[in-house]
Structures are given as C-alpha cells and as structure tokens.
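Per Swiss-Prot, the features are as follows:
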type    : residues                                                   : note
BINDING : 46                                                         : NADP(+) binding site
BINDING : 123, 124, 125, 241, 242, 281, 296, 297, 298, 299, 300, 322 : FMN binding site
C-alpha cells in the first residue's frame, strides 16, 4: 500500500503540509558506512527554491535518522528517518478547499477515501518524494559496495530534445540538462510557460552503469517471470507523481523496428549494441540500464480553469501557491533514487538464485 520493494523495503508516511514526512527502510545489510555527505547532497539536488525553474517552496530537507545506524554504520535493523515540513503555507489553498483541481488527484482521493485534504494535495503531493530520495541515498551506499552507479538528467523539455548526453554537465545544470547545446532553448521553453501562467512537460533519462571505466553491471539481477527487472523499474517509476510513461532501452521505438535492426548482436567482447537497455528476459545483462521517464505538465497552473466542487457544481478554479513549472526537473532526481532502490532490492534478491551463494555465506569455515 505504502511500501516499495521486497527484500529492501521502503515504507513512507506523511502529508505535504503535515508536521513531517518520514520513512522506514527495512532490509539494509549491516556494516555499510553511512555517507552523510552523500545523503545531504542528494536532498539538495531535489530541493526546491534554488532557481526560477523549480517551486519557490524551499524546505531545509534535513534528514533525521532515528534508528538503524550505530557508530556510523548500518546496523542491519530498520533505518527510520524523518524530514520536518517547515515551509508549508496551507492558507494558499483556502480558496480551493471544496474544489477539485483539474488533473490533480483531488477528485480520485476524495471519492476513494471521502476526505478532502486540500493542503497542498496531502498524501498525493510530490512532497512525499523527498523520502524516496533519502532512501535512494541509502540504496546508493549499498550499490557503491559492488561498483554500481545510478545517474540522471533531462533529455527533453516540451519539444526540445537533447542530441548529446553528458551526465557530468547535468550535475552542474540548473535544470539538469544533459545537452549543453540545447539547455538554453529548454530554459526558454520553461520561462515562456511561466510567463503565460502555464507549465510544461519533460522527459528524464536515468541510467545505471559500472562505477569504473569498462566495468559491467552484475548479470542476472531480477527474475524471469514475476520479479522482472524491467517490470519492477516501470512499477517504481510509474508510482511517482506525474509520470505517464516509462521506456527501457529503445522503448516505444522498438515497435517500429525489424528484428534485424533491433537485436543486440554479440561477440566475444560482449554486446555490440544496447537496444534492450540492459535488460533481457527480465534480468540485467551486464550492459548499462537505460530508462526514460515521461512527465506530464505540472497540473497546477495559474490560469482560470473549469472544474466542479465536492457537490458536483460547476465552477472556476484559480490556483495560488508555489509550484514547479516543470516537474520533470526535480523528478529526474527522484527517478534516479527509485532506480537505485530497485537495483539494491534486486541485488539482495539475487543472493537466493544459486546454492553457491549460500554456501559462500554459511560454509566459510
């Protein structure tokens, strides 16, 4: 219900304008050094209020670890952590407390639960994704132990698409742009949306790779039927607010190709292409895992919109508040965290795949 993962399980709680949001990460092996600098940096990457291209709401996003860590290392017990909400402005939503905001979750949440938490969307707010980023930082600490790195960036804003992918540039870019040559045009598209009291959609690219040059990813992460790696990746990404489509490898373009064009041919040195995006038969094949995540435009726009109230009466909705003009930007960081969580979960699952692995653990002496 509120949990992601099987062997590494993240459960989250809290609402956008509540006192705090939090999570419990269960299944983290003991003995992993907690990198507090990494944790803080990941939270800052997702943080709003850093420039005009994100929401003006700037939370401190300090992660308070309450359990599961002893003397700087994971203890093997559930890691509990909290993030306090300090910049919420519920009054911005007073005028729409009985209205349904178009393309928001207000309508479905109200009909499912019978409760209208109008304060920034309550549980359905993207504020909850801060917990996923914190948990993703812990997952990255685990993956680092086996030489796996996840990274992300923006490849498309509206119709302006990157032609080159530079993940190092994305780390320095205000909008996490992968293509320096297209960055200004992408920024202009966002600024034009802001001027018109509108928003704009975008596409994030997330990849997992070996930490060292020419280092491959582990082969066999995932299972062939009911725990397919690509299915778990898609499930995690689609569970994030605003995501409308997920592609792995060539994705939808695959349906336009012939087998002779799509197949990843092999040599003694390995695969000659990576149209599969690093996944075959539901399992990692050692190549880079390539994921594209498509975000819809932010539904919170500052234009009059036609809607209904909780009694079904037609009315006009004019929003206030602080909102991202393009949720894909900060969403890319969350997707990177989600891929880290999925891969860490699959690494732990893989320990059960061969008896040799268990013998290594239990027959050391």
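Numbering starts at 1 and runs along the chain as displayed.
Just so you know, glycine gets a Cβ as well, placed from its N, Cα and C.
Taking the features listed in Swiss-Prot, we show where each one sits on the structure.
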residue	record	contacts (Cβ under 8 Å, 6+ apart)
46	NADP(+) binding site	61, 129, 130, 133, 330, 333, 334
123	FMN binding site	14, 15, 16, 109, 117
125	FMN binding site	15, 16, 241
242	FMN binding site	126, 295, 296, 298, 327, 328, 331
300	FMN binding site	101, 104, 199, 319, 321, 323
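Taken residue by residue with DSSP, residue 242 (FMN binding site) is part of neither helix nor strand, so it is coil.
Once Cβ contacts within 10 Å are tallied over all protein chains shown, the binding-site residues 296, 298 are led by 298. Largest Cα to Cα distance within the recorded FMN binders 123, 124, 125, 241, 242, 281, 296, 297, 298, 299, 300, 322: about 43 Å as a whole number.
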